[in-house]
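Notes for the one structure printed next.
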Amino acid sequence: MSSDACSSLSIHSAIQQQGINPDADLLLGSSRATWEDFCEVVVAWNARFAAIPFLAEADAGNNLLTLAAFLGNAAQESADFVACAEYINPCQGVCSGGNAEDYRDALWGKCYQVPVPTTDNFDKTGSLPADACGTSGQVTCVDWDGRPHSGDSCWYGKGALQLTWNCNYAKANTLLREIGLEIDICADPDSICNDGQTFWAGSLAYWMMSVSPYYLQDHRIDTAMNCIKSGCSAPFPGTWTGSGAAVRRANYEGYLSKLTGGTAPDPASPTPSPSPTPSPGPAGSAIGAIGKRFIKIGVAAIAAFATILLAAAEFAV
C-alpha cells in the first residue's frame, strides 16, 4: 500500500491544517510503529468492513474525538508507543504489576461474542471454549525481557492497546485474517509485535469489537476508557476513575488540543444504540494491569445467588 493511505483518511485534512507531524507529534517519535503503519491498517479495515469503518463518520469532529480517544489510551497502554509486550513481573521501574499467569484460561472461562465475518461487517454470535485459540497446550512466547513462557501464560498484553486473554486473541485473530495480515496470533502470540502494522492491527480489531459499539453512542473518553479496561455493554454514565485514568484523560485532551488547535468539537448526534451485550475488555497494559477476573467472579456469584433465590421461591410455592 502506498503513502496515499494516510491522505485517504478523513482526519488527514485536520492534521495538515494544524501543521502536525504525525510520527513526532502524535506517536511521540516511536520506533515501534509509524503513522503510515497506522493508516495502512485503518484503510485495510475499512475496505474489508465497509459497514463499520474506523474514523469515517460523516461528522469530521467526531472522527477527531475518536482518534484522540484511541491514541490517548494507546499511549498509556504502551508506555508512549515504546512497549509492545506488557511489562509483566519480574520488573523494576515502569511495570504493569501483572504476571504471565494472571491470564490463564481457567480465570476467563467460555469465550462468547466471537466475531463471525459477513460481507462487509461481522456478527458477534460465535462462542468458543476457554482455550479459545485451541493452542494453550503447545504455544510458546517470549516476554519483554526475553524470558520464555508457554501454554496459557502467553496471553498477557501485547500491541498498542495491550490485547490480553486467550479469548480476545482468538477474536482478534479472526478479524486480522480478514484484513489480509498474514499472522496467526493464536499460534504465535508474539507476532503481534512483528512490525508496526501488527502492533496496531490487533488493537484496532479489539476497539471495533468491544469499544466502538458503545463509544459511538456518546463519543466520551470515559466510555472508551471503561470499555478498554473494564469491559462494557453501554456508554459510561459518569467520570471513569479506573487504572491510569488521569494519564489517559490527559493524553486525550493533549491529542484533542493538537488536532483542533485548542477548540475541541462537541459530539454530533449519537449513533443508534445496539442491543446491550456483555463485552469483556483486555485486562492488562504495559504499565498498568487490572485483573478483570474479579469482575467475572462477581458475576458468577450473582448468578449463583439468583439460582438459590429461584429455588427458594419454588419451594415456598
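Sequential numbering from 1, following the chain as shown.
Note: Cβ is positioned from N, Cα and C throughout, glycine not excepted.
Under the heading domain 'Glycoside hydrolase family 19 catalytic', TrEMBL lists 140-213. The region 'Disordered' annotation in TrEMBL covers 263-283. Annotated compositional bias 'Pro residues' per TrEMBL: 267-281, in sequence order. Residues or ranges marked as transmembrane segment by TrEMBL: 294-313.
When DSSP labels each residue, the domain 'Glycoside hydrolase family 19 catalytic' (140-213) comes out as 39 helix, 8 strand, 27 coil, counted as helix, strand and coil in that order. Residues belonging to the domain 'Glycoside hydrolase family 19 catalytic' (140-213) score a mean pLDDT of 98 in the model.
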